[in-house]
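Here's the structure, in structure tokens; my notes come after.
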Amino acid sequence: MMSFPIALFADVNQSFRANLVVSSYHHAITFPTVRGANFSTFFPRNFSVSADVWLCGANFSQEWQLMQPVCSTKYDSITIFITVAVVLTLITLWTILGNFFVLMALYRYGTLRTMSNCLIGNLAISDLLLAVTVLPISTVHDLLGYWVFGEFTCTLWLCMDVLYCTASIWGLCTVAFDRYLATVYPVWYHDQRSVRKAVGCIVFVWIFSIVISFAPFIGWQHMIPSFFSFNASIQRYQCILFTSSSYVLYSSMGSFVIPAILMAFMYVRIFVVLHNQSRGVKFKSGLKISSSKYNGCPVINEPSREGINGLGRDVTNTTLLSDAVGSSADLTSNGKDDPRVLATAPIELTEDVPPLNGHHHRTVHETPYVSGLHTKRSNSFALPTELEKKCKPLTNNILHMMDFDRRNSHNAVIQRSASEMVNLDVSKHELLISNVCHRSKSATALTSETGDPLGSLAGPRRSLQCNVGGLVRNKHMTLSMKRRFELREQRATKRMLLIMACFCVCWMPFLFMYILRSVCDTCHMNQHFVAAIIWLGYVNSSLNPVLYTLFNDDFKVAFKRLIGARSPSAYRSPGPRR
């Protein structure tokens, strides 16, 4: 037995020497005893008070009393005890501060209150409540190794734990669902998104979580008395996690398995869509510029469909024209300006149609391979703008289409400036052109439906006549756009993998342990191992503010402003982002 002298001050005039004794009985760390001081008035008589040590469990009353000698039955080293206490306290504080800053940013800056960010705010609420109400009690419970807060608190603590953890996991699922819709169905998402729908998702999360967490009071009332039970080996009461196999199966399916499967499916689908977008850009390198001219313009020849990386007739390549054009374009028909159309995305040219009046007429589709919806058998060229150069590409872009009547064809001119224009032979119908540069990752559509014929595309060969002042840069622009899409795909992929990896690492061990304890009564698990797995699940709530906000530039700016770090970028108001 080893003693550590500690000076304690009983009052202003007198100090006492004390010994902090590490007892070999139950390997317990006990509080110091002070010679000359009588503590028997503070504790019941059935507690043994010796001159040197309080034995953790000696003559212990089986009725819970707050004033019993508090000691740890879990650690036999003061160094390990303090280290664990510091780590658990830091996790709790970080979870509180991180999620508090997320909510403060949403409260202070109204421009952040988009549908996606409202779902992130709901996630922060569940994580914050978990950190405030559950984690402090869990810290004390895991440090001492037994329960000191009474039977009612035990039952309430277990239910609150399940409630907030379930709400947090389903909050992650709603965020994934929101991004899934925005990426895979951008047109529908742009039309249907609203704060009301976000509130509906939030209400569903909490109702479902309440049904899961408070089910013991409805269908499993017989197991409630087993939560708070006496452990004879340590002479202490314990608050035991659910062990009923039927309830464990019910809660694990609703709280972990189903949302995990949904999240995995949605993130894989998002990855596939982003990968297809990247492939779409990679394919746009096969058009060649011939030395011949048509009406004084260089001619862009299209490659054969069979010679493109074995893709057959599904997709063909594009050439990208000048990047020095303006940020918008006015569409003119019959010499009259029509400012209702803003062209900021690639336009794809599809199959030849039967010749009419000696010319080959063709249908034009605007399909920038950005929404996972791509048009087969298409050849395309792109007109990037300065606006597109400045903005970050994103996943929420819209597939739009221009259908034209072959019989009513006129000349249409997309006019960039006095010296930069592209003549297209197209015909009438409707034009839907997307804004591919919305920085908030939301889809913004500019729609124009006109009854005027838009012209027709003429030319005896598979070619495009243009007059862009010699600004055609096929190779360099294609490589630049290809690189941008590759980088965007890499960033999005890494972020999705990080989110799923953190979720699986944090919660899957708990899921296996949770199920194993219920089906195997004879399986003995080390108490330190069980506590580490439980806290690993709690850590996910401390990582969520990092994963879902610090990758968002607007949230980073808001955080800097909240803490007073006035960087130059922090002076602008955060804008909505998806």
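From the backbone N, Cα and C atoms, a Cβ is placed for every residue, glycine too.
Given the structure is predicted, the values throughout are model-derived calculations rather than measurements.
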Per Swiss-Prot, the candidate from Asn38, Asn540 carrying the annotation N-linked glycosylation site: Asn38
Same side of the membrane, Gln192 and Arg491, by Swiss-Prot annotation: yes
Second cysteine of the disulfide that Swiss-Prot assigns to Cys154, among Cys56, Cys71, Cys239, Cys297: Cys239
Feature N-linked glycosylation site, as given in Swiss-Prot - residue among Asn46, Asn276: Asn46
Listed in sequence order, residues with CB under 8 A of Asn231 (N-linked glycosylation site) and six or more positions away: Tyr146, Tyr237, Gln238
Conformational class of Cys154 (disulfide bond) under the three-state DSSP mapping: helix
Residues satisfying Cβ distance under 8 Å from Cys154 (disulfide bond), sequence separation of at least 6: Trp147, Phe227, Phe228, Cys239
C-beta crowding around Cys239 (disulfide bond), within 10 angstroms: 21
Intrachain neighbours beyond the topological domain 'Extracellular' (518-531), with Cβ under 8 angstroms and 6 or more residues off its ends: 74, 142, 145, 242-245, 248-249
Contact between the transmembrane segment (85-107) and the transmembrane segment (157-177) (3 or more Cβ pairs under 8 Å, separation 6+): no
For the transmembrane segment (198-220): best-contacting stretch of 118-139, 157-177, 496-517, 532-553, by Cβ pairs under 8 Å: 157-177
